[in-house]
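Here is what TrEMBL says about this protein:
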REGION    B:1-20  region 'Disordered'
COMPBIAS  B:7-19  compositional bias 'Low complexity'
TRANSMEM  B:40-62  transmembrane segment
TRANSMEM  B:68-88  transmembrane segment
TRANSMEM  B:93-111  transmembrane segment
TRANSMEM  B:117-139  transmembrane segment
TRANSMEM  B:146-165  transmembrane segment
TRANSMEM  B:196-218  transmembrane segment
TRANSMEM  B:230-249  transmembrane segment
TRANSMEM  B:255-274  transmembrane segment
TRANSMEM  B:304-323  transmembrane segment
TRANSMEM  B:343-372  transmembrane segment
Amino acid sequence: MDDAILEMRGITKRFPGVTALEDVSLTVRRGQIHAICGENGAGKSTLMKVLSGVYPTGSYDGEIVFEGRPVHFGGIRDSEAVGIVIIHQELALVPYLSIAENIFLGNERRGRGGFIDWNRTNADAAGLLASVGLDENPVSPVIQLGVGKQQLVEIAKALSKEVRLLILDEPTAALNDVDSAHLLDLLRRLRDRGITCIMISHKLNEITAIADSTTVIRDGRTVETIDMRGGGVTQERIIRGMVGRDLDSFYPDRVSTPGEEVLRIEDWTVWHPVQHRKVVDGASLTVRAGEVVGIAGLMGAGRTELAMSVFGRSYGRDVSGRLYMRGRPVKARTVAEAIGNGIAYATEDRKRYGLNLIADVRANVSAAALGKLSRAGWVNGNEEIKVAEESRQDLNIKTPTVMDPVGTLSGGNQQKVVLSKWLFTDPDVLILDEPTRGIDVGAKFEIYTIINRLVAQGKAVIVISSELPELLGMCDRIYTLSAGRITGELAVDQATQETLMALMTKEKELAG
Amino acid sequence: MTSLKQSPPASSGSAPAAALHGGIGDPRTLILRNLRQSGIYIAFVGIVLLFAILTDGVLLSPGNITNIVLQYSYILVLAIGMVILIIAGHIDLSVGSVVALTGAVSAVLVIQQGYPWWVGVAAALAVGVAVGAWHGFWVAYVGMPAFIVTLAGMLLFRGLTLQVLDNVSLSPFPSEYQKVASGFLNGLIGGQGYDAFTLLIAAIAVIGYAVSVFRTRLARIRYQQSVESFPLFVTRVLLVGAVVMYFAWQLAHARGLPIVLIILAVLVIAYGLMTKNTVFGRQVYAIGGNLSAATLSGVKVRKVNFWIFVNMGLLAGTAGVIYSSRSNGAQPAAGNMFELDAIAAAFIGGAAVAGGVGTVVGAMVGGLIMAVMSNGMQLMGIDQSTQSVVKGLVLLLAVAFDIYNKRRAGATR
């Protein structure tokens, strides 16, 4: 049982302007659980999309050999036909259909005349549910199940297709400890039944517990494949593979002179808007004037949720905790109150949450502080254009005029418009969520320079970033967040990528 | 901190500065830049000329111009409120029923109960505001889609109209009330065969317009913004002045200045300025353009949504007064399908289905396009069914043109 079920050789996938995968090779042995890990944006999901046919043959270079034969997939249906099934991080179940209907969606059990044979559908579904250890009635609608049980339904659905290679993308990201343990158990049992698994995960403790081998991907390349069967492979060993890269972008120098405390959060707890779980759990942090503070955490750690809940409770429910600005307790129950108290939040998803793309640069720059440009409700349009014009020059926004729609600008310039908008509110503390996501190296450098200029003016800046070198290059202090808890606080000269990654993947046992 | 110093990438954008100074003299550049807006004006002029020719000039005769104004004023009033809702990403299907209800309340008070005319007007406006607040509550605070809320309102307020009127028509209103829609300011300062007062008002309006745009131009130059070249500016002012004066001249040779035209002009100017130049108006555009971004920019979305529905109610009440005054009574079926005309006006006038785009003036031109087409076809004796077909096709083509334009703009990025 040591032959390869899957070989991917020399996979290269390019998007306009970016190489997502560069000559990646992956060999998965039959009957193993094979983990793939790497930082956000390393290329794990892209690789799985290539494998499952989401990116069809021809849109990438390289070859895939499955069960000894080269395969060419034109779409997901082709890969499913040979027994490769992918379960995405965002579950793809139809909430108002029953468990059985979901399991056989697109693969219906038909009887005479093409009508659905409900008896067989429900009976088969019951059998599949038993094999994944889910004790539920197949006719109950999926919406009544928790995320953990929905995950099991997805696996049952995969089993119904006679799966030979099961791919799970972050299967435990949204699960609590009990559900996670149950899921990992199930994966072990499937392995014993001969089903090969590829599991993408950030949770290194799970990987060391369950995986037979681990492939590390970094910046779109395979770094190494570690054989885990002998045991003795530690989380630190994997982390070294994940982060061991050279700095590939540069950070402008800055003299750090932190002043008095500007923002303090104490015991901040946020519940998920619909599910019964805490997304942020008892977090406390402080930021001082003239200081850049980083928040490091993997996807799903609660970074954005923490920031947005502080910013006028824009996320979650039952937000509790204390918020102080310059030592004075403040209430920021709405976005307007947060802005009034000198808090600004530049979102990680500028197209969805940051900008009105069909409106011009001018209207976007003034959107959060129109009051400053108006008297008795009337906006001084000329003054507004002047402000936008000044932002354009200050931040070097490349646009023909400030009256052009923001949607026509490049990503880096759109990000500068977002920054301009928040700078115009004249905040005391500026929270930047992934400020350099999806923009090129040159624009990144400009954003870093702007951040340095702001702290030199005495503003406090919080940077949330998935790129550890960026945090190490920009920040004075870095907090690490894992599963909603602050697991560490390091001065930048004590922090390395390894120590940060260890704290970011630390689970509850030490945080409690 | 391990950091390497590197000079920032050289900037490559000095072209914009040059575009700021000096006037833009080429009218083609201006038209192409605003094809979306200018397209609608060009279409309007084309349609007016077409029907002027087809009707042997009857379309532009003094009596007919007066008629168009009187006949379509209430649709234009509705279109003002409608385009604001559409910009914010909503819609109101109930305005026809609200026009009927407000007219009915007014008729009951004035005709049945014998209250003075102004009580009827005030009551109609108050009922309109109450209806708007009702819709605003469900949309803004309960979070229901406006389509559903106002569809329910359409049935609800039609039903209430029948109950208020007890299923019968009421008629006639006293003459003061009728004047709202059918009255004219006429002969106040005399004139031989024409009304000098109408011309005077129009002249004042033109001078006011010229002064206002000139002051805007001066302010723009002071702020170093781009302006059109001076000859082009003068041509534009003269052209607008000539059109307004021609229009006034024709009115002056018919029955004078319709009171309803004054009401409409005041509303268009007020709402035009409100949408463009106030914090509130700008927030309406922000909500329609990207709701999440507006929320995260501190816009009080619920409040804005609530008040634009109240405003729609107020304008529907106004239209209810005008319509009941014009038809000299209240009928159970009054205002049927008005909502569709108002919605069509907004979309033909360049509003986007997804929200965030549209102007009050555009909606007025859109409404006038529908008005001129209906009127022109009536003059030509084309029957109702064909008129409906043509109007439907125009609406379809206008929105298709808009989508085509947008796709092309996206492609050239």
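Easy rule for this one: first residue shown is 1, then count along the chain.
Backbone N, Cα and C define each Cβ position, glycine as well.
Caution: TrEMBL annotation is automatic and unverified by curators.
Sequence-distant contacts of the transmembrane segment (B:68-88) (same chain, at least 6 residues past either end, Cβ-Cβ under 8 Å): 95, 99, 146, 181-182, 251, 258, 260-261, 263-264, 267-268, 271, 275, 284-285, 287-288, 304-305, 308-309, 311-312, 314-316, 318-319, 322-323, 326, 338-339, 341-343, 345-347, 349, 351-353, 355-360, 362-364, 366-368, 370-372, 374-375. For the transmembrane segment (B:343-372), same-chain residues at least 6 beyond its ends with a Cβ under 8 Å from one of its own Cβ atoms are 36-37, 39-41, 43-44, 47-48, 51, 59, 68, 71-72, 75-76, 79-80, 82-84, 86-91, 268, 271-272, 275-276, 285, 287-290, 391, 394-395, 398-399, 402, 406. A contact between the transmembrane segment (B:146-165) and the transmembrane segment (B:255-274) is absent, since fewer than 3 of their C-beta pairs, 6 or more residues apart, lie under 8 Å. With a cut-off of 8 Å on Cβ pairs spaced 6 or more residues apart, the transmembrane segment (B:117-139) and the transmembrane segment (B:230-249) reach fewer than 3 such pairs and are scored as not touching. Long-range contacts of the transmembrane segment (B:196-218) within the same chain: residues 185-190, 227, 233, 237, 240-241, 244-245, 247-249, 251-252, 256-257, 265, each at least 6 residues beyond the stretch ends and with a Cβ under 8 Å from a Cβ of the stretch. Sequence-distant contacts of the transmembrane segment (B:255-274) (same chain, six or more residues past either end, CB-CB distance under 8 Å): 66, 69-70, 73, 76-77, 80, 84, 179-181, 183-187, 195, 197-198, 201, 205, 248, 280-281, 315, 318, 322, 359-361, 364.
Using a Cβ-Cβ cut-off under 8 Å and counting only residues 6 or more beyond its ends in the same chain, the transmembrane segment (B:93-111) has close neighbours at 74, 78, 81-82, 117, 119-121, 123-125, 127-128, 131, 135, 147, 150-151, 153-158, 160-161, 164-165, 170-174, 177, 312-313, 316-317, 319-321, 323-324, 329-340, 342. Sequence-remote contacts of a segment are chain residues at least 6 beyond its ends whose Cβ falls under 8 Å from one of its Cβ atoms, and for the transmembrane segment (B:40-62) they are 250-254, 348-350, 362, 365-366, 368-369, 372-373, 375-377, 379-380, 398.
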